[in-house]
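Engineer: Handing you a structure now.
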Amino acid sequence: MQHEKALVVFSGGQDSTTCLFWAKQQFSHVEAVTFAYGQRHDAEIEVAKEIAAELDVPHHILDLSLLGQLTSNALTRHDLDIDNADVPNTFVDGRNHLFLSFAAVMAKQLGMHHIVTGVCETDFSGYPDCRDQFIKSLNVTLNLAMDYPFVIDTPLMWLDKKETWALADELGAFDYVKERTLTCYNGVIGSGCGECPACKLRQNGLTAYEEVRV
């Protein structure tokens, strides 16, 4: 893959930033795309901008604010409290489907075949569009829809959060990911608020990894 180019679906969070570091080692040229979909915190987009600039990665921002007109969830609605149901109310219907579809359109225009996303089935938090089955199905659909050989790369698919921290460390990005990324649903950079489901998952993985880190 060293002579190929890739587009990373990028939010500025732990997972997508780890994927960005991974992609920079795997591909000859990497760009990133971030989607503005009416998320609770503009900070997510600002963090993504800053990280892309610091890593010298060309960065695109696409407006998908129409998602807020179609679905009600705790990631786009400030008046909804975050819950932990079987499918949490932080799940945005169609989000990864749309993100990857728009990323594919952009990738084709840029002459790229690889699309990198940080979805993960091991710690998928009840989100159906993070499952390997969905990604493989969408990959086939996109190839047929655009008659173009896309490859959706999912380097975190079978890693839990402990293993994701280990990968960041292998990539030389452990401290950067720990201090600079925004995973928190409440918009707190780095270690986060410590209370939301995303922060708890991130911290549990970090604690588990630091216990065995050499």
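The backbone N, Cα and C atoms fix where each Cβ goes, and this holds for glycine too.
Positions annotated as ATP binding site by Swiss-Prot, on the basis of sequence analysis: F10, S11, G12, G13, Q14, D15, S16, T17, T18, C19, L20. Among the features that Swiss-Prot reports, Zn(2+) binding site is placed at C184, C193, C196, C199, with the record citing sequence analysis.
I'd like these features described in context: how deep, what's nearby, how far apart.
Structural biologist: Its own atom aside, the Cβ of Q14 (ATP binding site) has 26 Cβ atoms within 10 angstroms in the protein chains shown.
Note on C196 (Zn(2+) binding site): other Cβ atoms within 10 Å of its Cβ, all shown chains, come to 19.
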Engineer: Of F10, L20, C184, C199, which of the binding-site residues has the most Cβ neighbours inside 10 Å?
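Structural biologist: Within the set of binding-site residues, the most crowded position is F10.
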Engineer: Quick check for the class: what is the C-alpha distance, in angstrom and rounded, between C199 (Zn(2+) binding site) and Q14 (ATP binding site)?
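Structural biologist: Cα to Cα, C199 (Zn(2+) binding site) and Q14 (ATP binding site) are separated by 10 Å.
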Engineer: Which whole-number value in Å describes the distance between the Cα atoms of T18 (ATP binding site) and C184 (Zn(2+) binding site)?
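Structural biologist: Between the alpha carbons of T18 (ATP binding site) and C184 (Zn(2+) binding site) there are 16 Å.
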Engineer: Specify the nearest of the binding-site residues C184, C193, C196 to G12 (ATP binding site), where nearness means the distance between Cα atoms.
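Structural biologist: Checked the binding-site residues C184, C193, C196; minimum Cα distance to G12 (ATP binding site) goes to C184.
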Engineer: Calculate the distance in Å between the alpha carbons (Cα) of C196 (Zn(2+) binding site) and Q14 (ATP binding site), and round it to a whole number.
Structural biologist: 15
